[in-house]
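**Q** Quick one: this structure, given as structure tokens, is what I'll be asking you about.
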């Protein structure tokens with residue numbers, strides 16, 4: 001049965017918010033402002049064709065213009081110049097730097113020809129050194145090694161000494177006997193040989209009244225040429241003997257050849273140092289004492305023979321040992 005007392009139901013009303021919501025909307029954080037990305041659209045290859053704007057070094061771009069950096073740079077340059085001057089002044093007390101540069105004035109052709117002369121001196125002529133006029137107009141000055149094959153140099157002796165040290169250690173390594181302290185032992189042995197040889201030569205020159213302005217550097221240079229023959233002896237003997245050292249017929253044969261070649265080279269080359277009276281021109285850098293006659297010349301010749309043959313035989317034998 002239908003109730004008549006009730007009519008139709010009233011329409012429904014949804015609630016409407018009376019206050020605006022204050023909850024913030026979540027968004028992605030903005031890109032950092034310290035690294036601008038203007039002009040970049042995601043392709044790394046489009047950046048190369050555009051000129052950078054501003055300072056390309058960022059905060060370090062003004063380092064050079066910083067007064068403190070300029071002061072530090074100026075202080076470093078001043079300290080370097082003072083140290084260089086101090087070193088030159090103290091080195092010049094013992095060795096003249098300008099004279100030392102003369103012995104390193106070489107070329108590739110000179111080095112090759114000089115090595116050939118040291119190993120094959122049998123038919124070389126002449127042995128006299130060439131002379132020229134100095135910039136001050138003084139006569140009797142010797143030409144540098146690059147212009148005179150008979151002039152002594154420091155380049156070949158120094159490089160031969162270094163090569164000898166590495167060669168001995170290399171051979172020891174191939175035999176399985178390498179030790180780090182072997183470098184020091186070989187270098188010490190070679191330097192002691194050179195120092196003792198130079199001291200003996202200086203003593204002989206003093207006793208025989210031989211004076212030469214550049215005598216010390218010349219003797220140091222000539223004492224280092226023996227390492228060329230020693231290196232050849234060790235290398236050939238090691239290859240031929242199959243790692244057994246310089247013993248055997250081949251090893252002693254090569255040693256004998258290099259010894260006699262070095263002895264003849266020294267006999268011919270050291271005449272102008274140990275027998276200065278044989279030179280016609282004794283001016284310029286060569287100043288000699290008055291001639292003491294044939295007896296003094298005979299003593300100097302005997303001393304030269306003793307040094308070139310006896311002394312070199314002993315030292316080359318020591319250096320050629322494994």
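Keep in mind that glycine also has a Cβ here, set from the backbone N, Cα and C atoms.
Nobody curates TrEMBL annotations by hand; they come from automatic prediction.
Since the structure is predicted, the reported quantities are computational estimates derived from the model, not experimental observations.
Feature annotation from TrEMBL assigns region 'Disordered' to 1-59. Sequence annotations record features per position, and here TrEMBL assigns transmembrane segment to 154-176, 182-204, 216-237, 249-267, 303-320.
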**Q** If we skip the immediate neighbours and take only residues 6+ beyond the ends of the transmembrane segment (182-204), which ones have a Cβ under 8 Å from one of its Cβ atoms?
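**A** Long-range Cβ neighbours of the transmembrane segment (182-204): 161, 164-165, 168-169, 172, 210, 216, 219-220, 223-224, 227, 303, 307, 311, 315, 318-319.
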**Q** Using a Cβ-Cβ cut-off of under 8 Å, list the residues of the same chain that are 6+ residues beyond the ends of the transmembrane segment (303-320) and lie near it.
**A** 164, 189-190, 193, 197, 200-201, 204, 208, 226-227, 229-230, 233-234, 246, 255, 258-259, 262-264, 266-267, 270-271, 274-275
